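> Have a look at this one before I ask anything.
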Amino acid sequence: MAGSTTQDAAQISITSSPKPGASLRENISVESESGNATNASSQLLWSRIRGHCREAFSEFFGTMILVLFGDGVVAQVTLSHGEKGNYQSISWGWGLGVMLGVYVSGASGSHINPAVTLASCVLRKFPWRKWPIYAAAQVLGAMCAAAIIYGNYKSAIDVYEGGSNIRTVPGYSDTATAGIFCTYPAPFLTRTGQFFSEFIASAILMFMIFALKDDANLGAGPLFPLGLFFVIFGIGACFGWETGYAINLARDFGPRLVTYMVGYGPEVWKAGNYYFWVPMVAPFLGCTFGGWIYDMFLYTGDDSPVNTPFIGLRRLVRPLGRKQDGVQSHV
């Protein structure tokens, strides 16, 4: 009798359900659907966040890859006293970093440089409202990369500098390591020379980007990242010695800020007669100028203001209600 009673109770427990009149199979199905709906809802939430922020994530990680390879190769060459590479190794490393960064950031147009984004806004109808988002993502990505490189090479930096509490900047020490992370000019350069070196390198960069993306010209098509690899290598090999060819605010300012945070001191701003502002300003002017030169003499697309009435001046007085936010740029 006791066994029968227990069996009956178990049977009642199994057949009872929160849904009156429903069978066990129906209840299991309802619970399963409820669980799947919860999981789907959770996945949908992240998918929505990722979809909304994908371009920012793309620029963040693209720039991070760029600086990881670039600062990484400078660290290896410097800290090994040239035994594990030379100046050409640095040019190859930065070229490789840009190429891989472009592959990573294709979803956002592969700018990985605030100056390239600005030139795209001015000359390719890229939405102006996206510029601060792209620039912030690029700077943060560069900062994260610099922090990773610093953590990875900290022991080597301690030995090279002569102690864990010693951190020096070029111009203040023969064993300075701040130049691993950001650029410092050659001591013989005048202010004009500093600015012009960054300006011309940035202009060449943007001129070549527009050329590689112009299908009406020879263009590079799917080989664009490889073409850009050789552009960066060429700029480094031919124009990089004097200032370190920052040609990118994010690549220079982000890591410079990290070096200030980890103990290199205010000298990171004072060095080179307060050189830090040159790689922040010159790339914007240089990239815009280089892109404008390409459009003025070679580009025939109607998305450039150069190829519109009055060389784009009409756009400046266009009513604010007529926006171009829907137009994408893949520079």
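Cβ atoms here come from the backbone N, Cα and C positions, even for glycine.
Nobody curates TrEMBL annotations by hand; they come from automatic prediction.
What you are looking at is a predicted structure, and each value in this text was computed from that prediction instead of being measured.
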> Have a look at 1-24, 25-48 and point to the one annotated region 'Disordered' in TrEMBL.
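Of the candidate stretches, TrEMBL labels 1-24 as region 'Disordered'.
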> Where, among 133-153, 195-212, 224-247, 274-294, do we find the most CB pairs under 8 A to the transmembrane segment (91-112)?
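Most contacts with the transmembrane segment (91-112): 224-247.
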> Go through the chain and flag residues at least 6 beyond the ends of the transmembrane segment (224-247) whose CB is under 8 A from any CB in it; none is fine as an answer.
87-88, 90-92, 94-96, 98-100, 102-103, 110, 113, 115, 179, 182-186, 189, 193-194, 197-198, 200-202, 204-205, 208-209, 212-213, 278-279, 283, 286-287
> Other than its close neighbours in sequence, what residues sit by the transmembrane segment (274-294), given a CB gap under 8 Å and a spacing of at least six beyond its ends?
113-116, 118-119, 122-123, 182-185, 191, 194-195, 198-207, 209-211, 214, 243, 246-249, 252-253, 256, 268, 306
> So what's near the transmembrane segment (133-153) in sequence-distant terms, Cβ-Cβ under 8 Å and 6+ beyond its ends?
55-68, 71-72, 75, 79, 108, 111-114, 117, 180-181, 249-251, 253-255, 257-259, 262
